[in-house]
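Participant: One structure, as structure tokens, below. Some questions next.
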């Protein structure tokens with residue numbers, strides 16, 4: 001028995017070691033393939049096409065996305081046109097909780113999408129490849145909208161490819177506006193022009209439909225992020241540089257008035273959602289299921305509630321942001337592509353070819369616009385919103401004009417519901433605050449949550465404290 | 001020759017120990033040591049860039065949110081001991097005395113432990129939904145109470161999160177206590193009964209002293225476990241409202257994942273480790289003295 005036991009244990013150890021090795025042996029190539037690292041770039045020679053480049057594309061629709069079949073077709077055509085490129089796909093919607101481990105372990109796809117709030121963090125951590133050479137080679141450094149390009153640069157180098165830029169507007173649920181009797185005889189919502197009107201409109205929606213009138217996110221840094229629209233309109237400033245030193249100034253009377261306004265939305269007008277701990281994913285759900293009348297949004301988001309919550313494209317409308325005492329201000333945002341730091345120049349080039357193929361190009365030849373047009377036709381077929389859009393990627397007015405003309409052919413919504421947002425008259429578009437903007441949003445989340453959960457909260461005292469803390473924690477160290 | 005025989009005799013033992021030793025090194029000790037190491041460096045991603053001494057610690061402690069976060073973390077522990085420490089002991093004693101449906105109750109009590117943590121936290125989040133549409137508020141509404149803000153009230157966010165944690169994990173403790181209770185010699189109860197001891201006296205004088213060692217271990221394990229609370233507040237409140245439910249480990253998570261500042265994240269992790277080490281040490285000292 002003893003011998004048997006010893007034999008068994010010794011055998012098991014050997015078995016574990018062998019299987020351990022085998023598993024490792026098996027998984028190694030997979031891991032390196034998925035990693036999109038140097039290893040996967042290693043060319044395997046193919047007599048017909050020379051070097052094969054494996055390129056991992058993270059910008060790929062999820063399995064529940066109805067545009068997946070269209071993407072599959074594009075992939076086939078793209079690979080047929082570029083015989084030396086093998087495109088592997090790995091849907092990776094940017095997610096702060098998974099990005100760092102993936103990046104550190106070399107598991108990021110070569111190409112991945114993210115938002116304008118992130119690139120500086122990613123660049124500083126060294127996870128993004130320098131794209132300056134490729135941007136120059138393809139001429140994008142000249143043709144892309146310079147204000148967007150600035151957001152993806154550091155020390156003169158370009159690390160990202162901006163793919164859409166947006167400014168915030170006021171997103172409306174047409175159904176609730178109809179139920180509240182807030183539409184004109186053509187069915188166009190009577191949207192608010194000022195923040196006072198916004199509160200009143202929201203009140204009518206709440207009274208007539210029982211649903212929340214306005215949505216303001218409060219967590220994940222998004223409360224502070226959207227509060228910018230309101231605060232700037234009230235005349236508030238956040239960070240000021242005096243004699244080379246950055247100072248937090250968001251406890252001014254204007255900022256206090258803006259925070260008081262948010263507090264009034266909750267306690268005086270009673271038009272906000274019952275849940276005070278929400279973010280934009282809740283907005284998609286609530287606007288998509290007729291639970292809220294208005295919220296800050298952008299044309300880029302319009303298809304989210306249609307895809308996820310089966311909302312009708314005709315129940316959406318968007319207006320320019322309302323005016324505060326100091327005018328109309330809207331925060332600029334957008335999305336971009338980046339390449340993981342372990343991407344080889346060949347993989348980056350394959351990615352650029354793919355982006356060009358997808359229509360991200362200032363080239364106005366019919367060939368180049370083909371996929372751009374197919375993408376609009378596909379959206380139209382899926383009953384998604386086609387027509388409204390935000391900022392143009394390209395600096396050249398001729399490109400903008402050509403793309404607008406194609407878009408007009410496929411427009412499938414009543415543009416009267418979107419014109420206010422599209423024209424964006426009198427609105428100043430502002431980029432994020434320059435220093436520690438994410439930490440600033442977090443600090444503002446805290447004060448916004450405080451005024452929304454406590455009726456007795458004092459906006460002035462809260463902002464004084466937040467300013468002192470933000471100055472000490474971040475600006476003094478900037 | 002004797003040594004060779006001894007080694008041969010010990011092979012099965014080492015065969016059993018080595019896999020877990022290997023797992024310990026890879027998943028516990030190595031991360032612990034590299035965490036400590038990184039906490040003294042300025043980091044780029046997870047890579048140590050420049051030795052900065054205790055600067056990460058100083059900056060983390062000086063941060064305006066640190067004090068509240070530390071107090072909150074102790075508050076989680078105190079609430080958890082208040083709500084969830086005695087409960088599994090009481091339930092284990094009751095279940096142990098049951099004659100019928102014992103297995104059913106054991107399963108029902110253990111069931112929440114099987115539910116994945118995030119799913120449980122989300123389920124409770126829906127139940128705690130404020131406003132008239134929330135599940136609990138609807139139930140309370142039937143008897144004319146509420147609606148209550150639940151997790152949205154900064155004063156209640158920690159105790160309510162602790163309630164959900166207790167619901168999720170007390171079953172595991174009950175099973176351990178039950179196992180321990182079954183080891184108590186029945187003759188002691190019979191002797192106590194002959195001496196005229198009632199139920200309460202038997203529990204106080206026989207049951208509790210007999211299972212006191214496991215109670216002590218569970219006490220320290222609960223402190224260690226709850227002190228590291230993270231995913232419940234992350235899922236249910238993100239540390240809000242206004243940081244009222246922020247814990248040390250959640251703050252550590254935010255430093256790492258939201259601000260990509262691994263050095264500071266590791267500094268908080270290391271401090272948490274030190275605090276727990278001290279608490280455990282104090283506990284064992286006190287325990288030994290009382291023995």
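Any Cβ shown, glycine's included, is placed from N, Cα and C.
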Participant: When you get a sec, could you say which of B:12-32, B:33-53 is annotated transmembrane segment by TrEMBL?
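Facilitator: Residues B:12-32 are the ones TrEMBL records as transmembrane segment.
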Participant: Among B:56-75, B:76-95, where does TrEMBL put the label transmembrane segment?
Facilitator: B:76-95
Participant: Do you know which of B:156-179, B:180-203 TrEMBL annotates as transmembrane segment?
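Facilitator: Per TrEMBL, the stretch marked transmembrane segment is B:156-179.
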